[in-house]
Amino acid sequence: MTTEIKVERGLFDEVMVPCYNPMEMIPVRGKGSRIWDQDDNEYIDFAGGIAVSCLGHCHPVMVDALTEQGNKLWHLSNVMTNEPALRLAKKLTEVSFAERVFFANSGAEANEAALKLARRYAADVHGPEKSEIIAFKQGFHGRTFFTVTVGGQAAYSDGFGPKPGDVTHLPYNDIEALQAHMSDRTCAVMMEPLQGEGGIVPPTPEFAQAVRELCDKHNALLIFDEVQTGNGRTGHFYAYQGLGITPDILSTAKSLGGGFPIGAMLTTAKLAEHLKVGTHGSTYGGNPLACAVAEAVVNEVTKPEVLAGVLEREALFRAGLEKINAKYNLFSEVRGKGLLLGAALNEEWQGRARDVLVAAGKQGLLVLVAGANVVRFTPSLVITQQEIEEGLAKLDKAIATLV
């Protein structure tokens, strides 16, 4: 018989590595876009676990898929394949440019696989001197040593000793800088089709087109990090589908599993041939439980009414934020696409995004930040109009306590 451990926020400080600073409250259950803490206080969720809970909490199709698979088969490793993994891979090739899929456990792992594939392909086809990876300042691609180096934020990558080499960071949306630097040594360009952690910054159509054209000119691969933008978040299943260009490699995770950990790298048959047996792998990648849940998520999100509903909900958010801004004048603009939105604070409110987050939490609303100057919203793709209106009313009250 085990002794029940009393779980309070203070236990975090006793037993957890202090690389996080979680809120004081501890959620214990959720339904739709609402969660409840240990004291049964209710919160509206505009954070979605950082763009993960695309169908909200405990959506029936996800619960049913997990329960059904949980009674069949949990794990095999890639010594064998499994039905959920193959069905999901087939589905992902049907809804994207991809012909081949590699499964991982997270966005960082999917990006690691993407970068390794790009380097491997360049070495095999063009020789070892073609190894430069270009990424963009304020980008974010994960926390592994390779991906955090490729991400363009020194605050995350400094302090761990020598970094992987031949990585160059250029300004996002700067065509001239990219033209001036890119060469036949460039192996790949890695970019987010909408910068998330960097402040919810969309690419200009001209920049996106120029990146694709320059990659073609220099025989470099274009890698799209769609960990945050993918799986319906922008109103397209993948954000590239709204930009008029197609990457060579794409990474996806976060909302792919709707809250169950899974990541994937998508690419073409031609490129995939360069990751032969033994060149890369993952013990848990393609796990039957994860793939069964993700298959249910993809089937739900790809419904036309769900994707169309994302843009309808975006309009509700923008209208509500505009109304709040008319009262308090704290936002300079609302950026983003679909349900990946960032309210940029104006000059008087610079550095106070976390203040808004904390104040919102006290009013029963969960939001995010994207840097010190942007309040970020990444709710469920199926959040109801009532939940949006309730949440915006709570945000209004929260801001009123700060002015």
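Glycine is no exception: its Cβ is also placed from the backbone N, Cα and C atoms.
If you check Swiss-Prot, you get these features:
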type	residues	note
BINDING	GLY107, ALA108, PHE140, ASP225, GLU226, VAL227, GLN228, THR283	pyridoxal 5'-phosphate binding site
BINDING	ARG143, SER282	N(2)-acetyl-L-ornithine binding site
MOD_RES	LYS254	N6-(pyridoxal phosphate)lysine
Which of the listed binding-site residues (ASP225, GLU226) has the least company, meaning the fewest other Cβ atoms within 10 Å of its Cβ?
GLU226
Give the sequence-ordered list of residues that share a chain with ALA108 (pyridoxal 5'-phosphate binding site), lie 6 or more positions from it, and have CB atoms under 8 Å from its CB.
HIS141, GLY142, ARG143, THR144, THR147, GLY263
Taking every protein chain shown into account, which of the binding-site residues GLY107, ARG143 has the largest tally of Cβ atoms within 10 Å of its Cβ?
GLY107
Which of the three DSSP-derived classes (helix, strand, coil) applies to ALA108 (pyridoxal 5'-phosphate binding site)?
helix
Mind checking which of GLN228, SER282, THR283 has the fewest other CB atoms within 10 A of its CB? They're the binding-site residues.
THR283
Using all protein chains in view, find how many other C-beta atoms are within 10 Å of the C-beta of LYS254 (N6-(pyridoxal phosphate)lysine).
29
To see if you understand the setup: which same-chain residues, six or more apart in sequence, place their Cβ under 8 Å from that of VAL227 (pyridoxal 5'-phosphate binding site)?
GLY107, ALA110, ASN111, HIS141, GLY142, SER251, THR252, ALA253, LYS254, GLY263
Largest pairwise Cα distance, Å, within the listed pyridoxal 5'-phosphate binders GLY107, ALA108, PHE140, ASP225, GLU226, VAL227, GLN228, THR283?
25
What is the Cβ neighbour count of PHE140 (pyridoxal 5'-phosphate binding site) at a 10 Å cut-off, with all protein chains included?
26
Alpha-carbon distance [PHE140 (pyridoxal 5'-phosphate binding site); SER282 (N(2)-acetyl-L-ornithine binding site)] in Å:
22
